[in-house]
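According to Swiss-Prot, the feature disulfide bond maps to 31-56, 35-58, 40-59, 47-62, 70-87, 81-108, an assignment based on sequence analysis. What Swiss-Prot lists as domain 'IGFBP N-terminal' is 27-111, and the listing cites sequence analysis. For 96-155, the entry in Swiss-Prot reads domain 'Kazal-like'. Per Swiss-Prot, signal peptide is recorded for 1-18. The site 'Involved in trimer stabilization' annotation in Swiss-Prot covers 168, 170, 277.
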C-alpha cells in the first residue's frame, strides 16, 4: 500500500513539472535557483511602456503602465511596473514579498503625484505621464522628453515649500538678508608722473546707520588719497573718514546720499560658541558680494599668538575663507547679526575677525567724541605727493633729469600742491627729503610718521648737488 502511494505522488510531481515546461512558466514556489532564458515568455513587438526585468531578475518583460495589473504569485514573467511606477494592492498596500506569497495582484500607480516639467517645455501631471509621453516619442523615432525640473514649468523654489532646499537653505536666507548693507570700497591715488588717479587697493565694509555711516578696517582706508564706496545697486559715492582706531584696526567712514540705506545690526560676540555656523561676505579681488561660509573655530585667539605685538585683543578664528578684499566686510551669524569684521587670513582654513563687542565699544567711543565736538583727531598736512626713492628709481630719474642728485634713498617729491605749507616753505618737485628735525629719512613713510607727531618741521632736501634747509609748518585738516 505504501509503495502504491509513493508511486502516485511521484507521478503527480512529474506531471506538474511537465505542465510547467509546456507553459514555459514556473508554478507557485518562487523564482528558480538558476535563470533559464528559454523559460521566459515571448516579448511583444510593441512595448510602449518600456522593458524591465521581472521579479526574478531573469526575464525581460514589457513593463505595465499606470493603471495596469502587476505582481502575482512570483513566477517568471509576472507583470512588473515600469519606471517611476510602483505596484499597489487594494487599499494602497505596496506590493511586497509577503503579498506575492499570498498570490495577490496589484495595480501600477505613480510613485509621485507632484507635477514635473519636461525638456519640451510642457508641464506634466506627474513623472509617469512624462515617461509615457517620452516612451511614445521614442517608439516613433522622436527625441525623448527629459525630466528637467520638479514642479510645473515656470515655477520656482518658493512654489514648493516642502522642498528640502526650501526648508534648509538657511545660508542663502542669511546672505539675502545682509547683502544690501555690504559695500565695496575702492582706494585711489594719483599716478607718479600725471594727475590721473588710479585704484590702488580695495576692501569691504558694512552700513551701520541708514544715513551712511560705514564700518571697515583701519588698514583698508589708511594713507589713501580718495575713498570711494560702491553700493550693491552699483551707485558710487565719495566717502569721508570720520574716525579711526589704528590699534584695533577699525575705521568709520561716511557717505552722503538722499535715501536711507539698509543697515546691519551687531550681535554679541561674547555669546559665540565654537562650532557655530558663520557667513563671511565681502569683495575679494573686487568681486562684489562674494560669500564664504564656515564655523567658529575659537572665540578667543590672542593677538600676540598671531604675532601682533601691540595687540591686546582676542580675535575670532574661523575657517570661512577671507581673501584680499574681504577685509572690512562682516562676519555674521545665522540671524544675520554682525559678530565680527573680516580682518586677516593666515592660510587656507585659518582666518580671523575682530569681535563685534570691540566694534560696539569703538562706535560708543566715536559717538562720545563726536558728541563732545572733538571728533577724529585732526590730520597734519603739508601738501606734497612723494614716493620712496630706491636705487632703481634713482637710476631712472637720472636718465630723465639732467641735474638729479647722486642719491639712492630718501623721499622723492613728485608734486607740491599750490597754496599749501609745503609750497609756502619752499619745497619743490624733484627734491629729495633726506632728514626732518634731525631724523634721517629713508622712505616716504618716514616723512608721514614725523608729520603726524611734529608741529614744526626743519626739512633738509637734496636739490641738484646742494642740501637746502627749509622750515615747514603743517596745517591741520579733517581726515
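Every residue, even glycine, has its Cβ placed from backbone N, Cα and C.
Note that the structure is predicted; figures quoted are calculated from it, not measured.
Each residue contributes its Cα atom, and for residue 35 (disulfide bond) and residue 47 (disulfide bond) these two points are 23 Å apart. For residue 62 (disulfide bond), the same-chain residues 6+ apart in sequence whose C-beta sits under 8 angstroms from its C-beta are 43, 44, 47, 49, 50, 51. DSSP places the residues of the domain 'Kazal-like' (96-155) in helix, strand and coil in these numbers: 18 helix, 15 strand, 27 coil. Residue 47 (disulfide bond) falls outside any helix or strand according to DSSP and counts as coil. Looking only at Cα atoms, residue 40 (disulfide bond) sits nearest to 58 among the recorded positions 58, 81, 87, 168. When the disulfide-bonded residues 35, 47, 59, 87, 108 are compared by the number of other C-beta atoms lying within 10 angstroms of their own C-beta, 35 comes out lowest. Take the Cα of residue 168 (site 'Involved in trimer stabilization') and measure to each of the recorded positions 59, 87, 108, 277: the nearest one is 277. Checking Cα-Cα distances from residue 81 (disulfide bond) against the recorded positions (31, 70, 87, 277) with a 10 Å cut-off leaves 70, 87, in sequence order. In the three-state DSSP scheme, residue 58 (disulfide bond) is classed as coil. In the shown protein chains, 16 other C-beta atoms lie within 10 A of the C-beta of residue 31 (disulfide bond). Close to residue 277 (site 'Involved in trimer stabilization') in the fold, though at least 6 residues off in sequence, lie 170, 171, 293, 294, 295, 333, 334, each with a CB less than 8 Å from its CB. The average pLDDT computed for the domain 'IGFBP N-terminal' (27-111) is 74. Each residue contributes its Cα atom, and for residue 70 (disulfide bond) and residue 56 (disulfide bond) those atoms are 14 Å apart.
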